[in-house]
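The structure appears right after this line, and notes come after that.
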């Protein structure tokens, strides 16, 4: 029957063999078949085929594969591809067999692995220079089909071709901000070249906006939503072992400019116009600024009025202003790609800026005589209008009224000789400037001067001498000059000269840097000999020099170290734990000694702060602990000798824990506790010990003694059968030290002893191999209930007793004798 029908159709009735040929079937249709046996009695049951059978031509091997091609050749491999056969023989292809033959040989050899269905294969492990030809066959369920046509002979050698590069972009590319751009091209080369993208000589990496796509033949760099920072010189390099090619493109991402840089400066302000200036934008958007747009606004109105939109200068005149009104200016920058955000100025009132001149600075007085003085000043700001006159006034120091020194104009000079002063009087002077607006404020008064003739130079200082020296300095001392030239001595100039040189050098640059009659000359060279001289200086000038009589050799003056101890460096220093320890001493010696602090034979603790000054040293330890105690020593040493002082430091603290805590003589209601004194008493005598106990089931410690001076205690009033822990601490005047505690609990029970011997042991029956024994209880049980009796026996004449067994009762039968 056909597979899609239910009715069965007979095909033969007289078949006596076990096979039959069924005619008249339709190709492409599927059928089921059944067969039954028949004898004279009748027909037996049918047997049916289990699955449908499709009617088609017989299956053959596949045709030959097509288009066998060589895709790549190197010095040791060949890559081939092919297409399937046009006809698979009526059955699916199960695998391909690729074969090769070395030119000059007769046989083909299989090169593919088992069950290969891919239609691409790389033959590896070949020998460079050998020549092969290849063929491929297809296999199906029937078997292997005909091989394909052979390839041309193929010689194993590397294919080499230098890179080529064909770009789709030009040398320059202009892109608007926010737009995307891509740089694309094609390339080739053997072996396959490596493609690298650079921007301004830095490798380009992919990110959210930057995409790089490279195929075996094409290359592409794409930028999404470009920003100004994407501007730069892009370079693509295509490189293999034979060479490289490069392509360049200057990408300019352009935008409108950033705002002009403020603030807006009002260079000139008048009642009807202003002149303003500003700075160009920090970013011109990648295109030069074509012009600035300037607008003005009366602050009482909301309307911005144009001033100009055609200037490339960064300054502009703002005309047609109303006097007294306040204005704001705003400025835009413009390039080919748009107009920037504006720069807005502060408010400025339109009014003339002219005023009277400023007050001159304090005038200086020169060339004083008994009846005149010269007043000198600097020109002040003229208020916007030229100065036409100066007014000079004088006043006696004790008077209150200022008087003009002349009615004549004083201009353009800035100094004036004031006549008609009274000898011995003290005067002050001031100056005012005048322009067409009016007279400005006067200057501050000058320093007071006395009207008297000039002073003379002083006489030389007296008795200069060298009073001290080190390896690089000399201390000089002298007495004031006998005559000061009628002027105050401002100070002294000190000079020195190396013996053998002609030039004198200044030790100080100005006289007022040495107002006293002594000076330390520094920066000298050790071992050299110098001459020194001193000059006195007053307002009239320098005196003649006074020389130190003898040259001075520069070297250290040796003085052995000397220690002047402070009160805290007594023989023994006590300090309470937690307080600050301070040890200090005054130190002398030339040169200044080297200072060393030690604790015992070791360096002092790092927590100690040590300070060394030019006159002494101090050691300070904050928050002292008991371990900071010990013998501290201070050593000072220089080439002239050394000196050491020591002080014992005791840090007073709580004592340490007691030692060797021991519990003995335990009873049902008491026990005996002993201990040894702490290793460390904290620097103070132990006043007492504190003893405490605790039931192991309780969290609370109970004091049983707090004033004992002895190192033992009888703990009484214990509860029989209870387990206890005990602890002990020592106390001194600075507090209670840490506790030492028993390691394990102590049970309050009377001590146990072995029981006494059983009494009246005798036998009550005897057999040939056993004895029956009885006895009475012992007189004493040792403080605990008797748990049993150990029975032993001994053969007469033997030394050893043999254990028989332990029995609970007062009788036993000993067997096995």
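Every residue, even glycine, has its Cβ placed from backbone N, Cα and C.
Heads up, TrEMBL stuff is auto-annotated, nobody curated it.
The domain 'Fibronectin type-III' annotation in TrEMBL covers 1-58 (among others).
According to TrEMBL, the feature domain 'Fibronectin type-III' maps to 64-159 (among others).
Per TrEMBL, domain 'Ig-like' is recorded for 163-252 (among others). Secondary structure of the domain 'Ig-like' (163-252) per DSSP, as helix, strand and coil residue counts: 3 helix, 58 strand, 29 coil.
As annotated by TrEMBL, domain 'Fibronectin type-III' applies to 259-353 (among others). Within the domain 'Fibronectin type-III' (259-353), the DSSP-based counts of helix, strand and coil residues read 0 helix, 50 strand, 45 coil.
The feature domain 'Fibronectin type-III' is assigned by TrEMBL to 359-454 (among others).
What TrEMBL lists as domain 'Fibronectin type-III' is 460-557 (among others). Taken together, the residues of the domain 'Fibronectin type-III' (460-557) have an average pLDDT of 91.
Annotated domain 'Ig-like' per TrEMBL: 561-646 (among others), in sequence order. Taking DSSP states H, G and I as helix and E and B as strand, the domain 'Ig-like' (561-646) has 6 helix, 53 strand, 27 coil.
According to TrEMBL, the domain 'Fibronectin type-III' annotation covers 657-751 (among others).
Taken from TrEMBL, the feature domain 'Fibronectin type-III' covers 757-817 (among others).
For the region 'Disordered' (455-480), the list of distant contacts is 486-487, 489, 492, 494, 496, 517-526, 530, 532-549, 552, 554-557, 590-591: same-chain residues at least six beyond its ends, Cβ to Cβ under 8 Å. As annotated by TrEMBL, region 'Disordered' applies to 455-480.
DSSP assignment over the domain 'Fibronectin type-III' (460-557) gives 3 helix, 46 strand, 49 coil.
Against the domain 'Fibronectin type-III' (657-751), stretch 561-646 shows more Cβ pairs under 8 Å than any other of 64-159, 163-252, 561-646.
Residue counts for the domain 'Fibronectin type-III' (359-454) by DSSP state, with H, G and I taken as helix and E and B as strand, are 0 helix, 37 strand, 59 coil.
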